[in-house]
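I have placed the structure first, in the form of structure tokens, so that the comments after it can refer back to it.
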């Protein structure tokens with residue numbers, strides 16, 4: 001009934017304000033509960049990363065449904081990728097502790113970039129020394145750099161990559177809706 005491209009593009013566009021409302025509501029509640037520093041810059045960085053993380057996960061789900069024959073297969077494929085993304089996000093095993101031959105997947109993992117952006121935007125500029133643990137005397141900024149390899153001056157690249165993942169997943173969804181047809185006659 002509808003042309004494929006306008007239909008797919010409208011699905012992508014209609015998700016944006018809806019997800020923004022979700023991210024703003026969730027972001028305000030969680031930001032206050034965690035007790036992050038209340039500065040406008042840090043709050044809006046947090047809101048940015050939450051919005052685009054929810055956006056690329058939504059677009060990934062739409063893409064998975066568009067590239068597979070039915071939603072059952074899409075849920076299986078998505079579950080596999082979610083598990084791999086969580087494993088290689090750098091949360092369980094920090095990137096410097098990963099074997100060199102697996103670090104390439106860390107850089108291809110969208111969740112790793114979200115974690116990088118959230119930690120660096122909230123803690124990457126703190127010069128206060130740590131008072132407990134194995135890293136006593138190191139500033140929070142130095143700890144993030146030595147333990148996780150996170151640098152605050154890399155924040156612009158992180159923003160570009162997060163935007164890139166959202167655009168990539170939305171683009172693949174749009175093209176897949178146009179090119180793939182799994183209907184049987």
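Note: Cβ is positioned from N, Cα and C throughout, glycine not excepted.
Taken from TrEMBL, the feature domain 'ABC-2 type transporter transmembrane' covers 1-123. Feature annotation from TrEMBL assigns transmembrane segment to 12-36, 43-67, 73-93, 105-124, 154-180.
For the transmembrane segment (154-180), the list of distant contacts is 4-5, 7-9, 11-12, 48-49, 52-53, 55-56, 59-60, 62-63, 66-67, 110, 113-114, 116-117, 120-121, 124: same-chain residues at least six beyond its ends, Cβ to Cβ under 8 Å. Break the domain 'ABC-2 type transporter transmembrane' (1-123) down by DSSP state and the numbers are 102 helix, 0 strand, 21 coil.
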